[in-house]
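> Straight from TrEMBL, here's the annotation block:
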- 43-294: domain 'G-protein coupled receptors family 1 profile' (DOMAIN)
- 6-22: transmembrane segment (TRANSMEM)
- 34-53: transmembrane segment (TRANSMEM)
- 73-91: transmembrane segment (TRANSMEM)
- 103-122: transmembrane segment (TRANSMEM)
- 142-165: transmembrane segment (TRANSMEM)
- 208-228: transmembrane segment (TRANSMEM)
- 240-262: transmembrane segment (TRANSMEM)
- 274-296: transmembrane segment (TRANSMEM)
Amino acid sequence: MLGTNFTIIHPTVFILLGIPGLEQYHTWLSIPFCLMYIAAVLGNGALILVVLSERTLHEPMYVFLSMLAGTDILLSTTTVPKALAIFWFHAGEIPFDACIAQMFFIHVAFVAESGILLAMAFDRYVAICTPLRYSAVLTPMAIGKMTLAIWGQSIGTIFPIIFLLKRLSYCRTNVIPHSYCEHIGVARLACADITVNIWYGFSVPMASVLVDVALIGISYMLILQAVFRLPSQDARHKALNTCGSHIGVILLFFIPSFFTFLTHRFGKNIPHHVHILLANLYVLVPPMLNPIIYGAKTKQIRDSMTRMLSVVWKS
């Protein structure tokens, strides 16, 4: 009986191309990319600093908001600096393990952000539907458990993808027509069957996010029922106003992500460079706009930010 020797071949490096088809515009594209990235990091960093420094903001809603801001920084920082290096210096080489790490953090941040938005919806549900039990339900221990559950679920969902990619042999090209590493884009470079990668990469993270979307929808159905039972119009307006910024962030996260996902999977007639451009905007635009939405809609954050800026200005 003859034994078969399977040797797994991993390339030393992959080569990221940036946005294929728009190479002549890379320098121009880098300007808005860089500005949006700086705005995202500064805005989310300032939001985290305000929540940490202001004792009046040490409440569950703002704790979840600071988690969302940290996840936005992770998502944009994992992708944009490398894209800018490609645009400016043609530095497309990325080591195999660094590519896998980048892919891991991108997908973990995506699943975690969905879970954080669900936690924020639960916070609004408790605050509006059972306000007298708010402090009893959302205790520091409960918030800690929810935080562990969010990150445990996101890491546990994405961690198997590392082994699904490392089990493959890559004997084709090492060129990735993208500005960052993502699961299926890397798997397609393998000279082996990637059916498991395709099914796992499509179904498991998507099912996790869809469950979050369904639970967020149920939360807001119950919230609306409770709001419309309130006796006065002022009370209804105040209750809905507390949810306005959260709804804006939910729409800003899920609409572009599902649009990007569906066009990537089913938009065969859409040019490849449009797919890549949309994927880059997805990791830039929501992280940039989230602090603006919360800063504009939340009076406590506006007031705290104003006080912090006045202290910095006077010093």
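Cβ coordinates are placed from backbone N, Cα and C, and glycine is handled just like the others.
Given the structure is predicted, the values throughout are model-derived calculations rather than measurements.
Any idea what these are sitting next to in the structure?
Sequence-distant contacts of the transmembrane segment (6-22) (same chain, at least 6 residues past either end, Cβ-Cβ under 8 Å): 29, 82-83, 86-87, 92-96, 99, 166-171, 174-181, 186, 189, 271-273, 276-277, 280.
Nonlocal intrachain contacts for the transmembrane segment (73-91), taken as residues 6+ away from its ends with a CB within less than 8 angstroms of a stretch CB, comprise 16-18, 26-27, 29-30, 33-34, 37, 40-41, 44-45, 102, 105-106, 109-110, 113, 179-180, 280, 283-284, 287.
Residues 61, 64-65, 67-68, 71-72, 74-75, 78-79, 146, 149-151, 153-155, 157-159, 161-162, 165, 180-183, 186, 205, 208-209, 212-213, 215-216, 219-220, 246, 249-250, 253-254, 257, 283 of the same chain, all 6+ positions outside the transmembrane segment (103-122), place their C-beta atoms under 8 angstroms from a C-beta of that stretch.
For the transmembrane segment (142-165), the list of distant contacts is 60, 63-64, 67, 100, 103-104, 107-109, 111-112, 115-116, 119, 122, 183, 186-187, 196-197, 200-201, 204-205, 208: same-chain residues at least six beyond its ends, Cβ to Cβ under 8 Å.
Residues 110-111, 114-115, 117-118, 121-122, 124-125, 128-129, 153, 157, 236, 239-240, 243, 247, 250, 254, 257 of the same chain lie 6+ residues outside the transmembrane segment (208-228) yet bring a C-beta within less than 8 angstroms of a C-beta in it.
Only residues 6 or more beyond the boundaries of the transmembrane segment (240-262), in the same chain, are considered here, and those with a CB under 8 A from a CB of the stretch are 68, 110, 113-114, 117, 120-121, 124, 127-128, 206, 209, 213, 216, 220, 223, 227, 275, 278-279, 281-282, 285-286, 289-290, 293-294, 296-298.
Using a Cβ-Cβ cut-off under 8 Å and counting only residues 6 or more beyond its ends in the same chain, the transmembrane segment (274-296) has close neighbours at 19-20, 22, 33, 36-37, 39-40, 43-44, 46-47, 65, 68-69, 72-73, 75-76, 78-80, 83, 106, 177-180, 182, 245, 248-249, 252-253, 256-257, 259-260, 263-264, 267, 302, 305.
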